[in-house]
Amino acid sequence: MRILGIDPGLRVTGFGVIDVSGHRLAYVASGVIRTPTADLATRLGTIFQGVSTLVREHAPDQAAIEQVFVNVNPQSTLLLGQARGAAICGLVAGGLPVAEYTALQLKQAVVGYGRATKSQMQEMVTRLLNLSGQPGSDAADALGMAICHAHSGNTLGTISGLAPALARKGLRVRRGRLVG
C-alpha cells in the first residue's frame with residue numbers, strides 16, 4: 001500500500017510518500033510545495049495543483065492529513081484551514097480516501113510521546129525510514145503523517161506495537177524519549 005502524507009501550510013505544505021508492506025515501511029519521496037508571494041486564491045490554487053500533481057506522479061492508495069489546531073490568532077487558523085481544504089480537494093479529486101489525525105495522534109504514533117519536539121519527530125522519521133539524512137521539518141511531519149496512518153489500522157498503532165520495528169533499528173522509547 002502506498003500512502004501520501006500531507007502537512008498543510010499556506011506558505012509551505014509538506015508531503016511524504018511511503019510504501020507499507022506488513023510492518024515494513026519504505027521511503028518513496030518527500031518534499032514541500034512552496035506557494036508564491038501572491039493573493040490567497042493563487043496560493044490555494046498552487047497547493048491544489050501541487051497535491052494533484054503528487055497524486056498523479058506517485059499513485060498513492062490512501063492519504064493522511066493533519067487536522068487544524070486552534071491557534072491563538074484566529075486569522076492564522078482560518079488561513080491554515082483554507083490551505084488544508086485546498087490540499088484535501090487535490091487528494092479527493094485524485095480519488096483518494098483521506099484520513100485526518102491531530103498533531104497529538106501524529107506524535108504519539110511516530111515518537112510515542114504526544115509532546116515530542118520537531119527535532120524528535122525528524123529523528124524518529126529518519127530512523128524508521130532508514131534515511132541517509134534528516135528531512136526538513138515540513139517534509140518530516142508529512143512523512144510522519146503517512147507513518148501514523150500506516151500504524152492506525154494494525155498493531156503498530158500503539159507504542160508497544162512499534163517495539164519490534166524499533167528493536168530492529170537498535171532503538172526503544174523510554175519515558176517519551178528515543179533511546180538507542
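Even glycines carry a Cβ here, placed using N, Cα and C.
Under the heading active site, Swiss-Prot lists Asp7, Glu66, Asp138, citing sequence analysis as support. The Mg(2+) 1 binding site annotation in Swiss-Prot covers Asp7, Asp138. Marked as Mg(2+) 2 binding site by Swiss-Prot: Glu66.
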Can you tell me how far the Cα of Asp7 (active site) sits from the Cα of Asp138 (active site), in Å? 6
Quick note, Glu66 (active site) and Asp138 (active site): C-alpha atoms separated, nearest Å, by 11
Kindly assign Asp138 (active site) to one of the three DSSP-derived states: helix, strand or coil. helix
Three-state secondary structure, which DSSP defines for Glu66 (active site): strand
